[in-house]
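Here is what TrEMBL says about this protein:
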type: DISULFID; residues: C84-C148; note: disulfide bond
type: DISULFID; residues: C97-C158; note: disulfide bond
type: DISULFID; residues: C128-C138; note: disulfide bond
type: DISULFID; residues: C262-C272; note: disulfide bond
type: DOMAIN; residues: 59-159; note: domain 'SRCR'
type: DOMAIN; residues: 191-297; note: domain 'SRCR'
type: SIGNAL; residues: 1-26; note: signal peptide
Amino acid sequence: MCKKMLCFFVRLLCLTILGCQLIAEAVVEHHSSLDQARHERQRLVQTYIKTLNKEEGALRLVGGETEYEGNIEVLHNQKWGAICDDEWDAAEGEIVCRQLGFPGMQRYTRSGYFGAARRRFWMDNLFCEGHELELTECHFEGWGENDCDPSEAAGVVCYPPLNAVNVFQPQPLLSADLPKYPIHPGSRLYVRLRGGRSRDEGRVEVRLNGNRWGSICADGWSLLEANVVCRQLGLGYAREAFQTDFFGGANVSRPILSGSECYGNETELADCLHHDHLKGIVSCHGNRQHVAAVICDYLSPDLVIDYYEIEQTAHLEDRPMLLMQCAMEENCVSNEAYRIQRDEPNWRYHSRRLLKFTAAAINAGNADFRPFKEKNQWEWHMCHMHYHSMEVFATFDIFDLSGRKVAQGHKASFCLEDSTCLPGIPKKYNCANFGDQGISINCSDVYLYNLDCQWVDITEMPTGTYILKIAINPEFKVAEMSYDNNAAICDLIYTENYAHVVNCRLARP
């Protein structure tokens, strides 16, 4: 604790007006431009941070243009490692910024926004409630246990230190603050794929107004953007989205577009947001040879959540912790339950109040829904006596009427199978006996309310009126035709004696 306080105060000292002025004066004397001086000051601050933060669980930000933005790395066993973006959201991002001594978080980032992860993943499936002082106090899979690839790096953009001063004027915009716009209506954006083994795959190249062809920066490239490209080219749906040089990198075609951000239902890539092309802004953080690439396919699954089932089955149950030990292994209760388990000898006889419901998802697409992990990477769960093929398949969140999240649940590990099928459709996937997992076309995977983790722990939540959001494939990790029907948003009326879920409607995760 003393080391962390020392690190915090030294860092604040470096960023006081006097400290920044001294650094600025020393730097400006040896550099010919303010831009060079700014980068040198950043390097010096980063050097202090790296020197002082050597304790277990220390954090640092990498890949950004200042010390308060970047992908997150955590120190474990004296080695730095990345953090996976599975279940990464504002709660975790806020903790990171506070732990690093910044006043708060501007935004959290996913999909390697500041470039692909440069080191092993130390943490995956972080599950924080927001009050934790350090990221290591949150629940996660275990050091080094993950199923993530380098493009899934989690990041954050914090607010700058309150006592930092703008020594160099004018200050350029940070990469995360660069404004984004659709392609100007008077411009024309052409799209093509190059370097693939067939017409359905390759690096994405674009051309503005008949100028030269160029690639797209890979930072933050995901299935949402890839889906738009495949749709525009008449090649169906995105099966894979890559940040890679496999199809030829920046040496082959220099990036001319960056910051691409799509909702997923746009008809053309020009409708998505990008850094300002009219000013020629191209900002790339990660491996500069990696560019955006896709594989398209005319076949794709499409999961649709059954919100009628949620409305009909939602109810309360007070369940003793004695019967929840398997669920607690999967972080399916609130942090207060783990505190009780740690501090009270008779913790097994405490009860938790659970909002339980059945969740069903039917595959309405034209291809089977399959887990993205290979079968040899599935995790055996002794309590449930079957393999889990997906780490994040469903999330259950409760918000108050102002939009603040007040309770959450999740299916951090999941077994996919054909629970029910339409008449005449045979079941293909079964969790038992290490069987293949997935959801066939016109079949549903049904998780009944009496199964572990099919709930939200609301023990500490006051009675009142709330919004319940249940989402499947919430982080768009598996390709689908559309994600606009993957969530149900419902009104939740919670009293001392009952919970009533009404007015559900389909939405996006």
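Yeah, the Cβs are placed from backbone N, Cα and C, and that goes for glycine too.
Here the features listed in TrEMBL are painted onto the structure.
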residue: C84; record: disulfide bond; contacts (Cβ under 8 Å, 6+ apart): F121, M123, D124, N125, N146, C148, E152, A153, A154
residue: C97; record: disulfide bond; contacts (Cβ under 8 Å, 6+ apart): Y68, P103, G104, M105, V156, C158, Y159
residue: C128; record: disulfide bond; contacts (Cβ under 8 Å, 6+ apart): A91, E92, I95, L135, E137, C138, H139
residue: C262; record: disulfide bond; contacts (Cβ under 8 Å, 6+ apart): L224, E225, N227, V228, L269, D271, C272, L273
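Averaged over the domain 'SRCR' (59-159), the predicted model reaches a pLDDT of 87. DSSP places the residues of the domain 'SRCR' (191-297) in helix, strand and coil in these numbers: 16 helix, 40 strand, 51 coil.
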